[in-house]
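One structure follows; several queries about it will come next.
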Amino acid sequence: MEAGKRKLDDSIGRDEKRPKFKKQWQVPRRNDHGGVQAKAIQPGDSGIWATCNKGREGKCVGELQNLFTEYAELLYGSTLDASATRGDGTEMSDAADIESEIQAEVAGIRKPSAVQLFTSIRLHVQCGKLFSMFASSLRSLMNLAVVFFKTVSPIEPVSFVKRICEDAANNSALKRTRFTKRLSPMTLMGRPSADDLGKIAAEVLAPHFHQEPVRSRKFAIRPSIRNHNILNRESVIKQIASIVGPDHTVDLKSYELLIIVEIYQNICGISVVDDSFERLKRYNLAEIFDPTPKEALNKVEATPEDPEGAIDDSADAADLEARPMGIS
């Protein structure tokens, strides 16, 4: 009896001495409105897709954060400075107003120190599943990863990415990125349902196709659909074309405007780019800095399209064929 009691007492003592660990609380990240920042793509967001070799996501994010920040200062410096000035407030006229001073101090604490222009969101998916793929001989090479940079005003993704690619093309000897491949700007994100697709398409397309006076434009639609079974390629093309309207004509090879639609699982994004898209290697920085030999590119372009009907992405496919995996 005593032995049993002694064992019980010993076990209680050990439990009392055992250190108790408590999960450390961390301050949640906040957006420019002071709310908790979600690390996910939300309807109404805008941003930039970026691809890189799988396993190089961290290096890709790091170099793009630096590059994007530099171009944000270059393109929107005065706007960013004005926003910061407005956020500082003005000097109080009555220094004795203690209550107002306290309120101003509390407001300053609640307000974040700076607007986060670019927030990287990593998707745990291979790029081959999100973007287009080609014949089975190339499927094993599509070992790409994808990250998304959520942007906020005043960043306009399409013009922002185009400027980066223009500068890269004009001075390709100065290689600014080593790990990044393609950039794909998205003007507006939403849910991939017919209703939401129609809403975001109407908003994105209006400045390009519906502004008065309406000028007839030649356009093409390039959808990419992955891991999603609600909308299909044909329905997306028909819906987008109906929103564009009859005042404009389809021209797949000599378009003036290209409508890009990216759908993955529960994410849908739309943007409109101009005819410099092909000249700028479809915004593929790796191709701009180090073009694939024409022989390899022609070989890829001669392969049949993916039977699932994804968009053609020959520049990325050729890039992978010409380079060993994991080498930039």
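Cβ from N, Cα, C; glycine included.
Just so you know, TrEMBL annotations never went through curation; they're auto-generated.
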Taking 98-130, 230-262, 263-295, 296-328 as the choices, which stretch does TrEMBL tie to region 'Disordered'?
296-328
Would you list the DSSP helix, strand and coil counts for the residues of the domain 'THUMP' (168-274)?
31 helix, 37 strand, 39 coil
Over the domain 'THUMP' (168-274), what is the model's average pLDDT?
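Averaging the confidence scores along the domain 'THUMP' (168-274) gives 95.
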